[in-house]
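S.K.: What follows is a structure written as C-alpha cells; I'll ask about it next.
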Amino acid sequence: MTTPLLPAQSALRRRIIPWLLVAPAALWLFVFNVWPSLNTLVLAFTNAKPLSGGHFTGLDNFGRMLDDTQLVDALLNSIVFMAVCLPVLTFLPLLLAVLVEKKIPGITFFRTAFYTPVVASAVVVALIWSWLLSDRGVINGLAQEMGVLQGPLPFLTDRWLLVFSAITLTVWKGLGYYMIIYLSALGNVRRELHEAAAVDGAGPVRRFWSVTVPGVRNTMLLVSVLVAVSALRVFSELFVLSNGTGGPGGRAMSLVMLIQLYSRGFYGHFGYASALSILLFVITIGPMLLLARLSRKAA
Amino acid sequence: MRRYWTGLAVAAVMVVSGCGLGGADPQAAPASTAAATGEVKGTVTLQTWALKPKFTTYMEGVIGAFEKKYPGTKVEWIDQPPDAYSEKVLNQAASGTLPDVTNLPPDFARPLVMQDMLLDVAQVDPKLAEEYVAGGLDAYKFRGFSGTFGYPWYLNTDVNYWNSELMKKNGLDPAKPPATFDELVEQARIFKQKSGGKAYLMSRRPELGDLTQAGVKILSDDGKSFVFNTPEAAAVIDKYRAAYKEGLLPRDVLTDTYAGNAKLFNEGTVAWTTAGANHIIAVKTDNPSLAPKVVPSVAMGIPPLYVQGLSVSKKSKNPAAAIALARWVTSPENQAAFAHEVSVFPSTKASANDPFFTKSDGTNGGDAKVIAFKSLATAKVLQPFEVTEAMSKFIRQQIALALTGEVSSKEALDAAVAKCNELLNQ
C-alpha cells in the first residue's frame, strides 16, 4: 500500500515535473540556438577576430555593408534565387503530387524516383552536376554533338548561368521533398468535392484550380515560406558549382557564402560576418511574417 | 498576439543560429623561456599534419629514438587529418590547448605569434642559424615581431611537369619545353591549332606570386598597406588576359582553385602544370598510364619556397622537452631519413651534400627531385604571410574577372588592393 501524497507535495510535483521534462530540450535549445544567436548579435557590434575578443565598434560593421560591392551582388543573387525558386518549387511539386497520387500500377516506382534526389547529399549531387555542366561535360558535349551549340556554354563560369544552374539543381533536388508534403495534404482534400465538380462538368484543369488548390492552400503557404527561407540561405549548390570561388569577381556568391568567407580562418572577421548574419536574419524573417499574416487572414 | 510574437522570436533565433559565430579569448600569459633550458624529462605532445598512416613507421621510429635518448620522456603523438587543419589549430589556440610541439607552416604560425602564443626558439637555441638554412629560418621571422618562431622542418618548391605524349601529338617537342612566359604562349598557340581546342598547354591563372616574380612589390616596407596595383602588375595580368581571349587557356581557370591546373594535368586535359617535387606520386595514383609520360623541368622565374616547421607553444608546461623534441625531429639525420621516404627536402645545412638529392635514379620522379633540390638554392617565399585566406580569394576573383574582360587589369588590381587594405587594417 502506498502512502498518499500530501496536497502540498502533490502541488510541488505538478510544478516541478513539467520543468524537469522540458529541461533537456530547453538546455539544448539554449546552448545551440539561443546562446549562439545572442553571441552573434553581440559580435555584430565588435571587430572580433578568432584569437582576440575585439572591441565595441558601434554600427561600423553595418556602415561597412553600404560600401561592400560583394554584398550587393550576393543580395541580388539570393533574391533572384528566391524569386525563381519560390513559384517553381511551390507549384511544380504540387503538380507532381497530383500525378503520383493516382493509384495505378507502378506508381510507387515514380514516387521513389522523384524522392531519391532528396536523400542524396547536396555536395555529392552538386559535384555530379558540375561534371555534367562543365565545358567538357555531358550536357555541353551532347549539345555540340547534336549541333545545338557551336561551342560549350559557360554554365560554371558565367555569373547568371552559374546562378541559374544552381537554381535548376535546387529545384531538381527539392521537388521530391515538397511533393511528399503535398501528397499528405492531398489526402485531406475531400473526394466528394472532386466528384461534385465533375458532375457539374468541371474538367481536370478546372478541378485542379477550384478544388485541389483551395484544398491545399495552407500547405502551399507553408511550402512557399520553406522554399523562400531555404533559397535565401542557399550555399552548397553555388559553392560546389563555382568550386568555392563564387565565380569570376565572386559575383555569383550568395549571402551565406559571403558570411562563410568572412568567418573562416585565423584572420576571420567575426564582427562583420555576424553583422551579415543579422542582415540575413532580417531578410529571412520577411517570408515568415508574410506567412503569419496570410495564415491569420485564412483563419 | 503575444503567442504569435513569441513563436516568431523562436523561429528567428533558429534562423540566426544557423549562422552563429563564436568569439574567443586570447590565450593566457606566456610562460618564461628560462625553463626551456632545463632538464629534458616528462611528457610532451607532438602534433603533425596528415602523416598517418603513410609515415607512421617513420614517426614512431623517430619518437622511439627520442624517448631512448632522453630517458624519462614520453611523447604523445597526435596526427591531424589533412582537411581543416587550420580550423583545428585555431580551435586549439583559442581554447588554450595547443600541443607542446606543433607542425605549423609559417602562415599558420604568424597569427599565433601575433597573440604571443609561440616560443621564440632563437632565444633558447643560439645554434639555430648555424644548423638550418636561412630561407627556412626567415620563413619563421615575421614583420613587426622579433624572433624566430619555429624550427624549419622540410622544404619544397615547384617544378614544371609536361605531358610528353600530348605535347608530341600537338606539334611540340617535350625535350624543349618553354622556359619563359612568352615561349609558353607561343607554344600554347601551336598546341591549340593542332588540338583544335580539345586540349590545352596552359591552364593557370596568375597569382600574387607571378606579380612578385615580375618584380612587383606586394606589401609596403612597414607592412601597413598593399601596393601591388602597379602598371607592371597590370602588364602581367594583361598577358594572361590576352592568352585567355585567344582561347589558349580553358575556361576552368576562372573558377579553379590554386591546385586546379594540377588536377586538369592529372586528368590528361592539359599538358603543363607546376607542382611539388613529389607530384608524380599523385599522378601515379590519379592516372597511372600518364605517370611514365611526364617530363619535369625547372620552374619558370623564381621558384617558390614552401616551408613546413615545428613551433613550440609558449604555454608548454615542459618547454625543455618540447625544444629538444622539435630539434630532434628536425635534426639532419631525421630529416634526411624522412626526405628519403618522400620527395621533400631537409632544412638543415648538413644535408646539402647528400648525393641522394643531387643524383637522379633515372626515373622522372628522380629527375623532378634533383631539379627541385637545385631550385631550392634560389627559391623564395613569393607571397607575404600577411595575405589572408579572404584576401587571397578576393584577389583570385578579381584576376578572374580581369581575364574575362569585364574589368581592366588595373581596375581589378585597384579593387583587390582596396579590399586587402580594408581587411588588413581591421
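Including glycine, each Cβ sits where the backbone N, Cα and C put it.
Below are the features listed in TrEMBL for this protein:
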TRANSMEM  A:16-35  transmembrane segment
TRANSMEM  A:74-100  transmembrane segment
DOMAIN    A:75-291  domain 'ABC transmembrane type-1'
TRANSMEM  A:112-132  transmembrane segment
TRANSMEM  A:160-183  transmembrane segment
TRANSMEM  A:216-235  transmembrane segment
TRANSMEM  A:270-292  transmembrane segment
S.K.: Residues of the same chain, at least six outside the transmembrane segment (A:16-35), with any C-beta under 8 angstroms of its C-beta?
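M.R.: Distal contacts: none.
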S.K.: Take the C-beta pairs under 8 A between the transmembrane segment (A:74-100) and each of A:112-132, A:160-183, A:216-235. Which stretch has the highest count?
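M.R.: Against the transmembrane segment (A:74-100), the leading stretch is A:160-183.
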S.K.: Short question: which residues 6 or more past the ends of the transmembrane segment (A:112-132) have a Cβ under 8 Å from it?
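M.R.: Sequence-distant neighbours of the transmembrane segment (A:112-132): 96, 100, 138-139, 156, 165, 169, 172-177, 179-180, 236-237, 239-241, 243.
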S.K.: Checking distant contacts: for the transmembrane segment (A:160-183), what same-chain residues at least six beyond its ends satisfy Cβ-Cβ under 8 A?
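M.R.: Tertiary neighbours of the transmembrane segment (A:160-183) are 77, 80-81, 84-85, 88-90, 92-94, 96-98, 100-101, 111, 114-118, 120, 122, 125-126, 129, 133, 153-154, 216, 219, 222-223, 226-227, 230-231, 234, 237-238, 241-242, 247, 252.
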